[in-house]
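Input: a single structure, listed below in structure tokens.
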Amino acid sequence: MINLLLFPIIIPFLFAILLLFFKENVRMQRVLTLIGVVLSLVASFYLLITVKTDGVQAITLGSWPAPFGISMVSDMLSALLVTTTLLLTLFVVIYSFTSIGQERERFFYYPAILFMVTGVNGAFTTGDIFNMFVFFEVLLIASYLLIVLGGEKKQLRESIKYILVNVVSSALFVITVAFLYSVVGTLNMADISVKITEIGQPGIITLIAVLLLIVFGIKGSIFPLHFWLPGSYAAPPIPVLALFGALLTKVGVYAIMRTYTLFFTHNIGFTHEILMALSILTILIGCIGALAYFDLKQIIIYNIVIAVGVILFGAAQMNEAGISGAIFYLIHDMLIKGALFLLIGIIIYVTGTSNLRKMGGLMKTHAPLGWFFLIAAFGLAGIPPLSGFVGKLLIAQGAFQAGNVWGSIIMLASSLIVLLSVMRIFIYAFWGEPVELPKTNRKSYVRMMFPAIAMVVLSIFYGVGTEWLIPYMTDATDVLLDPSIYIDAVLKE
Amino acid sequence: MKTNDVILQTTTKVVFFIIFLFSIHIFFAGHYTPGGGFVGGLLTTGAIVLLLLAFDLKTVQKALPFNFTIMTGIGLLLSLGTASGAIFFDVPFFTHAFDDFTLPLFGVTSLHTAMIFDAGVFLVVVGSAITIIQSIGGDS
């Protein structure tokens, strides 16, 4: 089973292809999508266990020797991210059954999701920098379809912006990879790491580091490259927004974490200092946005920006606590953002508006929605023992160890802003005088609640079960802090 | 004004087959020399686009009654299937098999599973390109 690490990529791809044959048969589409995601999830759990027991898994496609062929590498970090991606996709797909509508389902909605998951999992797993670009394109092209699907006026406007931004950043990505190749003469990520160590990171490599930060920064929406995100993400319907918000920016964040721990580790004083300054600014700008809006979607979307800042702040510390905190927080954020987007989707469905000022008194009619939203909100802010706490604690610990006192104070203070921004949603939507609600189907409300509740419960377990997760996180951190483990796994022969 | 495109239509009827045969030649040439499924597919697409220019969308759909979306799907399945074959032999994904066979008429021929993969690519290119052209052209 040396191909095991490819299964979470191949299975969604296979099922996406099969779905192309059943364009009109919505029931068949749903069943096949569900089977595909569940099968990939099983494979990814199996992969997780294998990586835990046998260490980093690596394979070079086409039986070519390692630095020449395309390597795929699954270390603990990518196995964890792949598993989280598939878990999230499962719940979003179930949520879509009720909420997305037949029109979209008939026009390749599910194939697009599965192709996107193929791309996301591929980007998490690949060990070749050019192949990473290819998987970025796979997920981006699927996301272009998802953002424009439905053809509402707002979607068309925002998709032009989204496509433009991403085409520019993809072009820059290829240019940067070419630049890197011209310096080190290899595309295999493990080999690049070895070569950079040999030449001791001269100035040109630092320049490439900054260019890569710009490329991934556009995808991952760090300050000042986040300008496209709030508009574009607000356009598509909620399940798509949940997938985008929870997965796509995280691919950019993962790519930054990977390249900044594997390649550019010899001039930390410059590269990681920039990363840290930008992440602090990202947190600040996100906080301003999260408080500025009265629109449910915008508030949570700006919380994505804050989370990206927090994760990268942790990753920039380059010490054990900082990195493992970043990994903890990364996975926490994928789960909790998924949960929150699904919950606000239900709030928007029930009230028929996303404007906070027009809501009120939902607690009287939809109490479970309120309580689960509250739990998710506390989780997002990081109130112990919920899931955001451990990550932030470790990141702060790492930052204090590295002597970045002010940064960690800002990071911790941002938790209060996060809490305030989501509590405002709770207060406006659930307290106060009940407003007249549009007629909605109680049955679809209940059906949409199930996946949302499952996500919240999952994030609770993630917080409470931290103790059991620590061995996995330690493995993931070890590989990031000690690139030789990664390199040995790829170039072993 | 009705345009007189007799010359274009008559030439197209011949030229279409020349381009199509050339695309098959390029497809097989990809075995050892430049060529392959992608360029071959593009050439075939070019031939079909020429048909579309000379005649109209409906005529071409009647002449080539394929569902090009399904064609893309079949192509993807072929390619993925060939690449995944490696899984059953427990060798890395995408590992191909090849050997020389003595065939009647052809003599000693080298057969390679990469050709099946390329056939998939051919179908995907034709299928997706024509789907795009048909849906854009069908808008007006």
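Residue numbering: from 1, along the chain as shown.
The backbone N, Cα and C atoms fix where each Cβ goes, glycine too.
Copied over from TrEMBL, here are the features:
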- B:7-130: domain 'Na+/H+ antiporter MnhB subunit-related protein' (DOMAIN)
- B:12-32: transmembrane segment (TRANSMEM)
- B:38-55: transmembrane segment (TRANSMEM)
- B:67-89: transmembrane segment (TRANSMEM)
- B:109-133: transmembrane segment (TRANSMEM)
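Within its own chain, the transmembrane segment (B:12-32) is flanked in space by residues 39-41, 43-44, 46-47, 50-51, 53-55, 110, 112, 115, 118-119, 122, which lie at least six positions past its ends and keep a Cβ under 8 Å from the stretch. Within its own chain, the transmembrane segment (B:109-133) is flanked in space by residues 27-28, 30-31, 36-38, 40-42, 44-45, 48-49, 52, 68-83, 85, 96-103, which lie at least six positions past its ends and keep a Cβ under 8 Å from the stretch. Restricting the average to the domain 'Na+/H+ antiporter MnhB subunit-related protein' (B:7-130) gives a pLDDT of 89. For the domain 'Na+/H+ antiporter MnhB subunit-related protein' (B:7-130), residue counts in helix, strand and coil come to 86 helix, 12 strand, 26 coil, using DSSP.
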